[in-house]
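Straight from TrEMBL, the features:
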COMPBIAS  8-23  compositional bias 'Basic and acidic residues'
COMPBIAS  89-122  compositional bias 'Pro residues'
REGION    1-44  region 'Disordered'
REGION    58-129  region 'Disordered'
TRANSMEM  150-171  transmembrane segment
TRANSMEM  191-211  transmembrane segment
TRANSMEM  223-244  transmembrane segment
TRANSMEM  250-271  transmembrane segment
TRANSMEM  475-495  transmembrane segment
TRANSMEM  501-518  transmembrane segment
Amino acid sequence: MGATDPVKAVEERENRGEEETEKKKKQRGVKAVEEEGDKDELNHHRFLASLNRLNPTNPLRVIVNNGGGGRFTTPPPNPAQPLRSSSRAPPPIQIPPVRAQPPEEPPPPPSPSPSTPPPPPLQHQSRSLFTQTPQETLASLNSSKYTNKFFLFLFILHKIVAIGFVCFLVFRGVQGLIGSNGTVKRKEQRILRFLLPQVEAASLLSILLAFSWQMAIRLWPDFMIHFILWSTFLMSLSSGILLLCFQMPATDAVGVALIAFSIGNGLYACWVTRRIKFCSKILVKSLEPVSKFSDLNLPTYYMLAAGFFWMSLWIFGVIGALNFYFPPLVVIGLVLSLAWTTEVMRNVVNLTVSRVVALFYLRGMQSSTRFSFQRALSRNLGSACLGSLFVPTIEALRILARGLSLLKGEDEFMFCCANCCLKLMTFIFEHGNGWAFVQIAAYGKGFVRASQDTWKLFEDVDMVEIVDADITSSICFLTGICSGCVCVIVAAAWTHTVYKPFTATISLLAFFIGYLMTRISMALPHACVSCYYACYAENPESRFFDKTIKDRQALIKNGRVVVHTPRVRRALA
């Protein structure tokens, strides 16, 4: 018995050691399984965190949120075990002996009461690199609204009445030529023989001059600004002296008026000498897009052809008016009607060119000249009619107010009147100006709203002094005056040779025709300059513009360039 006791004790110890070894192995296996489970759970958390960092527009994020959102629900993180996605190696994880229970399901949200407004839906901000242009802006470029419908109706009514009345006057002229007594018949025959050829020749000469002026300005813009300023002075002075040489009361009055204008033109040419260089730079830059559109001059050709046809019919109407009641009043009415019609034709060309060039500057688009011409003759024609009726009057009154401001001197009464007139004309000019045609053509706005928006853009980018000092419109005006004076010289010399009593009348008609036809052709360079200023004010950082305007603004702010244009004081504005 004694010998077997130690053996039993050894066996019991061995059995106990084996049991402890098996228990340790089991515990290690359980720990390994738990560690693997925790690692899987940690990887799962990281996967869900990476999903949450995805852009809301990512296709994987969209699929997870819409299709499989229930499978990848992220449980609330354990504050004792923070997840650090930025660390290279995960921190050591301590597993408690007891397995953590799964998180409880959150309680259902309380049902909203009828008085409580529902919470706004969450909006995810897109981080796309390519932001699409808003549809409203794109739609505004092809606006289908007719602008200024009242004035469109008024112009159409005026044209119907004018065409009917001119046809009636032509009928009266033919009736007097065929079926009247000897006195009326001889008078009309004399008019047809000694007035009609000179007027038709003046019309053809004005068209030739119109094409020549436009081509020369496009080829040599820098030289032509100086040439127009001083050639207008010489032509107006020459035509005035020629009419004075005829020594007739009517021709003397017209000649004195032309000489007075030539003196004012010479003073103006000396006054704007400092502006010529900057105006030349802008004109050269603004005419660059014209070469990209080979058919941009077609609207000018169409309007000149229509103007020549209507002017020929109008001349027959003037001849017939001499055989009607109150011939002077009838002729004045015909002259005003022709002036409005040709101004509308000029602004139709202005709108067409403005739309083509403005869309090139603002959108980089190669738009269709034909489509722009159709829009100018249909949807935007009302604005052209309104602008043609008021813009020349507003600009003339504004020039008069500025001249009064320059002549006010030290007199207190003149000072008060000049500032009141200038303030009133500035207010009117802000609601109606020639710069508005750019936004009318591009966005289809009404004339008044386009004027206000364009002037507001000029004020926002500090361009008011620059556009006030621009002389492009004056250059176009003086070009028409120069053509009119050339037509006066040709027609007056011809008429004085064949029939002296008609010299003054034909001189006025020739001047009027030459001026109007040239103004139609000069709408193209004027529209290009207007587009350059207005589009720069809307987007100064565009790649189509250089630093010409910015450098000019810097010089004005530093006082190195003094703008001599009279303006209303800030305290009075």
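Using N, Cα and C of the backbone, Cβ positions are placed for all residues, glycine too.
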Proximity verdict for the transmembrane segment (223-244) and the transmembrane segment (250-271), three or more C-beta pairs under 8 Å: yes
Seg_contact(the transmembrane segment (475-495), the transmembrane segment (191-211)) with at least 3 CB pairs under 8 angstroms, min sep 6: yes
Selection from 150-171, 191-211, 501-518, the stretch that has most Cβ pairs under 8 A to the transmembrane segment (250-271): 501-518
